[in-house]
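Participant: Sharing the features that TrEMBL gives for it:
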- 15-47: repeat 'ANK' (REPEAT)
- 48-80: repeat 'ANK' (REPEAT)
- 80-112: repeat 'ANK' (REPEAT)
- 113-145: repeat 'ANK' (REPEAT)
- 146-178: repeat 'ANK' (REPEAT)
- 179-211: repeat 'ANK' (REPEAT)
- 212-244: repeat 'ANK' (REPEAT)
Amino acid sequence: MLLDIGADYDTCDKDGWPPVMIACSEGHTEIVRMLLEIGADYNKCDNDGWSPVKWACSEGHTEIVRMLLEIGADYNNVTSKESPMMSACSEGHTEIVKMLLDKGADYNKCNNDGWSPVMSACSQGHTEIVRMLLDIGADYNKCDNNGWSPVIFACKYRHTEIVKILLDIGADYNKCNNDGWSPVMSACSEGHTEIVKMLLDEGADYNKCNNDGWSPVMSACSEAHTEIVKMLVYIGADYKKCNNDGWSPVMCACRYGHTEIVRCC
């Protein structure tokens, strides 16, 4: 009705949102189709640089994404935060990721923080998307601006299956971030026993310290991860090594009252 009498279909609100973007964000497929047919600008971005296709990818509106791609929407547009591909990977919208890959979307394109699509999928635990990206050749060792790699994220957030996939494909399991944290250090600190075991079986450096001199065994002692401490001590970890402030693993365990760990050390 409004379009029939000549309503302006490209006028934006104060945040730069045109009608087509609102419809894409909310998942109103028929309205999007109407607006596209009448000539709405499907690449117009809001004040934050988000395009209609990016909103549809982020919200998981598969049919709308398909319509926008078929009409020629820019699927590689990157804001300071992320591209449509990265949004879909982060939110776990597998079918949309597949569509974007089939269309030729750049699966290694990073945002201003250095985050890549595979990093987003690894950090959020979207195993199937990680597999898809690796199968097509995504860079699994690329780090963000803080030196975090996909495998460090997967270790920290206990995405065990993803860690296994990354190790099987040859990910660098000793690569540290800018603060000197390695994958095994992250897993030890968070108490992810199975991941620690996987990393140790691969040959991860269990004595490597971060920039503050904290070792994996010290982190495990501090956080009361008894099983991990036992594993590390058994494999030969240096339980006498002190951090930059002169604290030893046993000192950390004593401070926080971890009786069983004090016995181990």
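Numbering starts at 1 and runs along the chain as it is shown here.
Including glycine, each Cβ sits where the backbone N, Cα and C put it.
Looking at the shown structure, what environment does each listed feature sit in?
Facilitator: Residue counts for the repeat 'ANK' (15-47) under DSSP, helix first, then strand, then coil, are 18 helix, 0 strand, 15 coil.
Remote same-chain partners of the repeat 'ANK' (48-80), defined as residues 6 or more beyond its termini with a Cβ less than 8 Å from a stretch Cβ, comprise 15-16, 20-21, 23-27, 29, 32-33, 36, 42, 86-88, 90-91, 93, 95-96, 99-100, 103, 105-106, 109, 111-112.
Applying DSSP to the repeat 'ANK' (80-112) sorts its residues as follows: 18 helix, 0 strand, 15 coil.
Long-range Cβ contacts of the repeat 'ANK' (113-145) within its own chain (Cβ-Cβ under 8 Å, at least 6 residues beyond either end) map to 81-83, 85-86, 89-92, 94, 97-98, 101, 107, 151, 153-154, 157, 159, 161-162, 165-166, 169-172, 175, 177.
Sequence-distant contacts of the repeat 'ANK' (146-178) (same chain, six or more residues past either end, CB-CB distance under 8 Å): 113-114, 116, 118-119, 122-125, 127, 130-131, 134, 140, 184-187, 190, 192, 194-195, 198-199, 202-205, 208, 210.
Nonlocal intrachain contacts for the repeat 'ANK' (179-211), taken as residues 6+ away from its ends with a CB within less than 8 angstroms of a stretch CB, comprise 146-147, 149, 151-152, 155-158, 160, 163-164, 167, 173, 217, 219-220, 223, 225, 227-228, 231-232, 235-238, 241, 243.
Within its own chain, the repeat 'ANK' (212-244) has Cβ neighbours under 8 Å at 179-180, 182, 184-185, 188-191, 193, 196-197, 200, 206, 250, 252-253, 256, 258, 260-261, 264-265, counting only residues six or more beyond its boundaries.
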